[in-house]
Amino acid sequence: MNAPFPSTASGNDPRPPLQLLIAAPRGFCAGVDRAIEIVERALQKYGAPVYVRHEIVHNRYVVDSLKAKGAIFVEELDEVPNDAPVVFSAHGVPKSVPAEAERRKLLYVDATCPLVSKVHRQAERQIEKGQHILFIGHEGHPEVIGTMGQVPDGQITLVETVEDVATLPFTQEDDLSFLTQTTLSVDDTREIVEALQAKYPQIVAPKAEDICYATSNRQAAVKEIASGCDLVLVIGAPNSSNSLRLVEVAQRMGTDARLIQRASEIEPKWLEGVGTLGLTAGASAPEKLVREVVDRLSDWRVVTEEVITTTEEKMVFKLPRQLTE
Ligand code: SF4
């Protein structure tokens with residue numbers, strides 16, 4: 001569905017025209033919506049301050065808005081006082097974190113996205129079956145730390161690239177399975193999985209795709225617009241996995257693409273020679289930042305917006321019962 005919005009500029013406007021293709025779906029996913037609502041409801045229910053372990057979602061604007069409402073962001077539980085509530089971020093946490101919270105009798109709310117929790121449960125089941133897990137993901141990302149922390153040390157191995165597969169020490173006699181981070185590149189992951197299956201034909205795949213609906217939909221949407229654009233801007237944080245993947249997807253289509261956190265980062269020279277600009281936003285970037293970018297572009301150009309929709313999303317996740325009772 002394409003929805004053109006006519007420019008409001010008059011015919012003698014000195015600004016050159018700019019065709020703006022806005023990808024849909026873009027921006028907030030159901031897991032991010034839920035995580036933000038969890039912090040807001042925790043603030044209403046327990047009062048400020050509410051501690052949040054790690055950035056609730058990887059977006060500075062969201063984090064600053066919640067800080068203004070009374071959230072305090074910390075990296076580890078030892079920074080949380082005994083009498084304060086704490087929320088775990090949407091990326092998920094290793095098992096040791098809720099265990100520590102329980103030992104300290106902390107009041108905690110888990111904002112792990114249900115689609116990440118699903119991967120955690122699959123990891124547990126694969127270990128119960130005696131399989132060694134090959135986990136496809138990016139080292140150091142909080143989701144990877146959380147998922148690898150669901151199983152005992154030594155029973156899960158991180159695989160980041162096709163090249164990593166060649167160096168894996170396992171044999172075709174070993175009981176192996178694989179899982180993936182939820183926010184990976186669909187195309188890169190397919191290549192890694194194919195390499196794993198070629199080397200280990202016995203490897204057991206997850207029951208369903210681990211890359212989440214929001215990640216795949218945003219990548220498909222940016223693919224749809226990228227080839228027709230001179231430049232693609234992706235709104236997202238440098239530590240947001242799914243946003244970085246959107247930049248890569250556009251670049252692989254042969255289109256120049258840049259990651260920006262806010263409209264103020266756009267430099268007028270980027271627009272030189274650009275007649276058609278693509279715009280999208282990672283799953284942790286609010287729509288307000290998309291409008292901010294459109295407004296900034298309109299300072300320099302007469303913008304004609306067109307929303308290119310590849311699919312409609314209706315996913316909504318339930319809140320934890322402790323916040324709805
Ligand atoms: S990107 Fe996917 S896995 Fe991550 S919070 Fe959103 S829906 Fe959940």
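Think of each number as a place in line: the chain as shown, counted from 1.
Even glycines carry a Cβ here, placed using N, Cα and C.
Annotated active site, proton donor per TrEMBL: E143, in sequence order. The [4Fe-4S] cluster binding site feature in TrEMBL is assigned to C29, C113, C212. Among the features that TrEMBL reports, isopentenyl diphosphate binding site is placed at H58, H91, H141, S240, S241, N242, S284. The (2E)-4-hydroxy-3-methylbut-2-enyl diphosphate binding site annotation in TrEMBL covers H58, H91, H141, T182, S240, S241, N242, S284. As annotated by TrEMBL, dimethylallyl diphosphate binding site applies to H58, H91, H141, S240, S241, N242, S284.
Feature annotations (TrEMBL) mapped to structure.
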| residue | record | Cβ neighbours (10 Å) |
| --- | --- | --- |
| C29 | [4Fe-4S] cluster binding site | 29 |
| H91 | isopentenyl diphosphate binding site | 27 |
| C113 | [4Fe-4S] cluster binding site | 26 |
| H141 | isopentenyl diphosphate binding site | 18 |
| E143 | active site, proton donor | 22 |
| T182 | (2E)-4-hydroxy-3-methylbut-2-enyl diphosphate binding site | 28 |
| C212 | [4Fe-4S] cluster binding site | 25 |
| S240 | isopentenyl diphosphate binding site | 25 |
| N242 | isopentenyl diphosphate binding site | 27 |
| S284 | isopentenyl diphosphate binding site | 31 |
*What binding-site residues among C29, H91, C113, S240 have a C-beta sitting less than 6 Å from any atom of ligand 1?*
C29, C113
*Any idea of the Cα spread of the isopentenyl diphosphate site, H58, H91, H141, S240, S241, N242, S284, as a max distance in Å?*
15
*Quick one: of the recorded positions C29, C113, E143, C212, which has its CA closest to the CA of S240 (isopentenyl diphosphate binding site)?*
E143
_Neighbours of H58, H91, H141, S240, S241, N242, S284 excl. site residues, C-beta within 8 Å of centre, isopentenyl diphosphate_ = V57, P142, E143, T183, A237, N239, S243, G282, A283
*Within the chain of H58 (isopentenyl diphosphate binding site), which residues six or more apart in sequence place their C-beta under 8 angstroms from its C-beta?*
G236, A237, N239, S240, S241, S243, G282, S284
*Look up the residue listed as 'active site, proton donor' in the DSSP assignment and reduce it to helix, strand or coil.*
helix
*Other C-beta atoms that fall within 10 angstroms of the C-beta of S241 (isopentenyl diphosphate binding site)*: 25
*Should any of the recorded positions H141, E143, C212, N242 have a Cα within 10 Å of the Cα of T182 ((2E)-4-hydroxy-3-methylbut-2-enyl diphosphate binding site), which are they?*
E143, C212, N242
